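Visitor: Take this structure first; my questions come after.
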Ligand SMILES: *[C@@H]1O[C@H](CO)[C@@H](O)[C@H](O)[C@H]1NC(C)=O
């Protein structure tokens, strides 16, 4: 009897362990990534935003799409990875110049002189790759706008495009056809708020209308009338007297988007303008692939489904409008990488929706890279791709096992990145670690949008904290 029962027990245990071993990854510190999720796809998988945002949150939710993906505008040509990274570096250089204080108010942006700025073909912006649809005016006109946590002013191209409008997907907004539009006058105290939100002193037209000017990098800017208008986020979320830029001279590659929504922390940002209504809380989820959709939501607790892990919003070395976070370390494959605590405290860090690839202090990047390479030895290497120097030829695989990468934030918050937030695929023969190093150890680190994919990111600006949740979309 005894031998039989122990044999049964053995058989049972064997079966049990055998079957569970088949489901659970043998190494909890590695992730399986499907190659198809890293590469561009031709079809748009639009899912219901309503379904994603259910769960009793009282908030206004907008669908987020990748502007170069198949859910975006099929007419606008997607840049190559190398072009995209040149744009991304221009944005990063611009952010770094703001932090290092050598950012100057640019007089050439005055409307009278603005035509001197060449609009290079292929000139770029890097003001973010994700867009939402909102409506402006009475009656409502729909506009697709890039959303950007790294800037404050919301603007759209406006008729009559006195100097220049680039071509956009939606009809250009025409203030003369709206019953709720009005200009801000130069003497209004609101006009003088522009300087902190745009980095430029306001101008004044002959008819005493307040003029804004904002630039985002080498080649891109918008100049026009600072105005008030009714903004409709959803049919039930209508904001009257919303301050925005009515752009009469707009250049740079904003793709086919009609303009930009500024989600920064300055007084003129949409977050502060709607503080009464939404309590200075917004959240988004950036989709896993460029062919799926995410959301941008205003208000609510940001609670959603899963539990959120928070880290405080910091001042990011004094550049107040950016969302600073305190990174204290990183893990690769479950093991903290060897970098001294001062590396991240010297650089400081921000989280940005518009920067594509995360930038790390040079020492942090080299430690990350060597730890990651040790976990990838079974995969053949590939040439570097612009700013990405750790690439693999994965053309023989449909899925790969890679080391997990985690950010460690002040307060003990650990953030595990999704596989699509660790690798960037240009093609199956060139899939790269999606991080880059800054040149200067004192340049601010930036958590970019690739790393934020699939996460619910909640900006509780009033509460001074940012929350992260998994599987947000
Ligand atoms: C806004 O100001 C501009 C320039 O001063 C002017 O051309 C335009 O007619 C004004 N619009 C309204 C609605 O007052």
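Using the three backbone atoms N, Cα and C, a Cβ is placed for every residue, glycine included.
Unlike curated records, TrEMBL annotations are generated automatically.
As annotated in TrEMBL:
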- 148: active site (ACT_SITE)
- 352: active site (ACT_SITE)
- 130-469: domain 'Peptidase A1' (DOMAIN)
- 1-22: signal peptide (SIGNAL)
Visitor: If you average the pLDDT over the domain 'Peptidase A1' (130-469), what number do you get?
Guide: 93
Visitor: Can you grab the distance from residue 148 (active site) over to residue 352 (active site)? Cα atoms, rounded to a whole Å.
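Guide: Roughly 8 Å, rounded to the nearest whole number.
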Visitor: Report, as a single number, how many Cβ atoms besides its own are within 10 Å of the Cβ of residue 148 (active site).
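Guide: If we count other Cβ atoms within 10 Å of residue 148 (active site), we arrive at 25.
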Visitor: In terms of DSSP three-state secondary structure, what is the assignment for residue 148 (active site)?
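Guide: DSSP call for residue 148 (active site): strand.
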